[in-house]
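First the structure, in the form of structure tokens, and then the observations on it.
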């Protein structure tokens, strides 16, 4: 099973990715993790990436694709892989395609923007332990305080409404075009084209998991 999960921040991709990697016995491939590992290991590509990052530059798509190719040769990718946060742009998707990196499915998790803002802006965390709550869906026993310690809960900067709206704008401008890119490719009937599936990300974790499983069997 070789796939990409697409969807806006807050759509629940992380939760569903954890389920898929366990279910299919495949690794979750994050370009951030790959970069850190390559830099730490001092591989030729890692050293090249470190030079760029130390100078405050952005690592090129060619370099990222090189890292992806290296990563996919490792034994844990024998049954497939799940791309996490990659590709983010059309040039990256083109580079992935040109490199002949195979995909079986591209799944879009669709959630209305208003739901995402509500989901993320109502999250609260206990900083010391990392325990998280949701004002509406998973509230603490006593309002505003941690269940275990009774210490106050906080809202992370990332979860503030204005930050969430900014991240959604970035997604719409940069990553949302991938939805059209992959759905068009899937409809083209080209030999290497992945299947494109769209599911609703509204509902309980188990409901979404069930939709995802069905989509990957169709």
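The backbone N, Cα and C atoms fix where each Cβ goes, glycine too.
What Swiss-Prot lists as ATP binding site is 10, 11, 12, 13, 14, 15, 123, 132, 133, 203, and the listing cites sequence analysis. The AMP binding site feature in Swiss-Prot is assigned to 31, 36, 57, 58, 59, 85, 86, 87, 88, 92, 156, 167. The region 'NMP' annotation in Swiss-Prot covers 30-59 and is backed by sequence analysis. Residues or ranges marked as region 'LID' by Swiss-Prot on the basis of sequence analysis: 122-159.
Here the features listed in Swiss-Prot are placed on the structure.
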| residue | record | contacts (Cβ under 8 Å, 6+ apart) |
| --- | --- | --- |
| 10 | ATP binding site | 111, 116, 119, 120, 164 |
| 12 | ATP binding site | 109, 111, 201, 205, 208 |
| 14 | ATP binding site | none |
| 31 | AMP binding site | 64, 67, 68, 85, 86 |
| 57 | AMP binding site | none |
| 88 | AMP binding site | 174, 175, 178 |
| 123 | ATP binding site | 132, 133, 134, 135, 155, 156, 159 |
TODO: Taking the Cβ of residue 86 (AMP binding site) as the centre, count every other Cβ atom within 10 Å, in any protein chain shown.
DONE: 18
TODO: For the region 'NMP' (30-59), could you work out the same-chain residues 6 or more beyond its ends whose Cβ comes under 8 Å from its Cβ atoms?
DONE: 66-68, 70-71, 84-86
TODO: Using the structure shown, find which entry in 59, 133, 156 (the binding-site residues) has the sparsest Cβ neighbourhood within 10 Å.
DONE: 156
Open item on the list: Let me make sure I understand the span of the AMP site: among 31, 36, 57, 58, 59, 85, 86, 87, 88, 92, 156, 167, what is the greatest distance between any two Cα atoms, in Å?
Closed with: 30
- [ ] State, in Å as a whole number, the widest CA to CA span among the ATP-binding residues 10, 11, 12, 13, 14, 15, 123, 132, 133, 203 given in the record.
- [x] 19
Open item on the list: Need the DSSP three-state call for residue 88 (AMP binding site) to compare against my parser.
Closed with: coil
